[in-house]
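Here the structure comes first, spelled out in structure tokens, and everything after it is commentary.
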Amino acid sequence: GIVLVAINPYEQLPIYEQDVIYAYSGQNMGDMDPHIFAVAEEAYKQMARDEKNQSIIVSGESGAGKTVSAKYAMRFFATVGGSASETNIEAKVLASSPIMEAIGNAKTTRNDNSSRFGKYIQIGFDKRYHIIGANMRTYLLEKSRVVFQAEDERNYHIFYQLCASASLPEFKDLGLSKYFDLPTSQW
């Protein structure tokens, strides 16, 4: 299939605006510069033409911009599918698992907020190719991080957040106080 190598610039660039989405919409692969919108357009076009499911795999190491690239692809689908203003599907899909994100992010040497979860996002389209729904499945990528972390890295953020809030009155309601009364070596 098509392979796009993208580099995370770590800043907002004007290459992901609405007018760029419209510029790539309806174009053939290779007619314009390589872009996540070109990949999304090709998948969208093949879905409509062949009436078959399509997949876009976004892969890379920590901090590479996988989540941002997935957001841009969803924004493209929502815009060309006529759903952007109606449902804001991109925001809804990405906001669907805040608890998993809070529990599943850690600090690595390359990324201060690296997700330890893989995500499988499935977007449903109707017969007019408008988005009608989506769901996201998550799966734990690095179980080893539960019990071990490399030098200069942190374990899951939730652990440190719980430790920092152990003295708050509402912490008692969680039923975890007995674990935080233990010496640090026994956690």
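Yeah, the Cβs are placed from backbone N, Cα and C, and that goes for glycine too.
The ATP binding site annotation in TrEMBL covers Gly60, Glu61, Ser62, Gly63, Ala64, Gly65, Lys66, Thr67. Around the Cβ of Ala64 (ATP binding site), 16 further Cβ atoms fall within 10 Å across all displayed protein chains.
What TrEMBL lists as domain 'Myosin motor' is 1-187.
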So for Glu61 (ATP binding site), how many other CB atoms are inside 10 Å of its CB?
10
Quick check: with Gly60, Glu61, Ser62, Gly63, Ala64, Gly65, Lys66, Thr67 left out, which same-chain residues have Cβ atoms within 8 Å of the centroid of the ATP site Cβ atoms?
Asn8, Asn111
Cβ neighbours of Gly60 (ATP binding site) where a neighbour is any other Cβ within 10 Å:
13
Which whole-number mean pLDDT does the model give the domain 'Myosin motor' (1-187)?
81
